[in-house]
Amino acid sequence: MNAQMSAALKSEAAAAALKEVRNGMRLGIGSGSTVNELIKLLAKEVAAGLDIIGVPASEASAQLCNQLGVPLTTLDETPELDLCIDGADEIANELALIKGGGAALLREKIIATASARMVVIADRSKVVDTLGKFPLPIEVVQFGLGATRVKLEQHLKTNGLSGELVLRGGAEAPVVTDNGNFIIDAHLGTIPDPEAFAKGLNDIPGVVENGLFINLAMRAYVAGDDRVEIIER
Ligand code: ABF
């Protein structure tokens, strides 16, 4: 799929989700290239009179919203949201998701959890039978990285999984999230039971959050070549 086609599909998924947005809504705005398409469409609606207020999941999304005139607030001012629209890296059964390829998983999960309803926008390439081909992003604090890694390896073993744990960006230039943390990408290949694997993962003291979004999304708008499919949970 070339970049132009891919952008068109992302925009179609975003346009379908936009139909759920009503006047007066408090909107969680995720991040990533599909959400960027949503922000562009949203900005046009706002210019035409749509009255919404958004909370962005990343500095990048905030910047685009500000640039295009989508009004923003914070979860401190508006702690409860009506609808969150976000992208995903993988979408499996029951709308179990891997997110965090853009390193915004922590804010994305906070926003999704603060929202009455979460919907996902994606192109068809994101739909999988089993999660895990996409490396699972895990946000960890910088302090004690080595010790956290050991605990993560133990967690993998306990769950019958194995795979490389890779510090995103490498030791020389690690990626730092909007929250000042690092990301470890767990290259697992497959996560047959995401719910079981997620259990206890965030109990490791150095782990801040993980990219498994389970029982959060209610609906996904998935754009394929001929139509936008709606997947419900
Ligand atoms: C975000 O955007 C992330 O959680 C996920 O990593 C990513 C998907 O990106 P894209 O829309 O660019 O494929 O929602």
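Every residue gets a Cβ built from N, Cα and C, even glycine.
TrEMBL annotations:
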type: ACT_SITE; residues: Glu108; note: active site, proton acceptor
type: BINDING; residues: Ser31, Gly32, Ser33, Thr34, Asp86, Gly87, Ala88, Asp89, Lys99, Gly100, Gly101, Gly102, Lys126; note: substrate binding site
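All features noted in TrEMBL, drawn onto the structure.
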| residue | record | contacts (Cβ under 8 Å, 6+ apart) |
| --- | --- | --- |
| Ser31 | substrate binding site | Pro56, Ala57, Ser58, Ala60, Ser61, Asp86, Gly87, Gly102, Ala104, Arg107, Glu108 |
| Ser33 | substrate binding site | Ala7, Lys10, Gly87 |
| Ala88 | substrate binding site | Leu97, Ile98, Lys99, Val120, Ala122, Lys126, Phe213, Ala217, Ala220 |
| Gly101 | substrate binding site | Gly32, Asp89, Phe134, Pro137, Gly211 |
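In this structure the residues listed as binding substrate are Ser31, Gly32, Ser33, Thr34, Asp86, Gly87, Ala88, Asp89, Lys99, Gly100, Gly101, Gly102, Lys126; their two most distant Cα atoms lie 15 Å apart. Counted within 10 Å of its Cβ, the other Cβ atoms near Lys99 (substrate binding site) come to 30, all protein chains included. With a 10 A radius on its CB, Lys126 (substrate binding site) counts 22 other CB atoms from all the protein chains.
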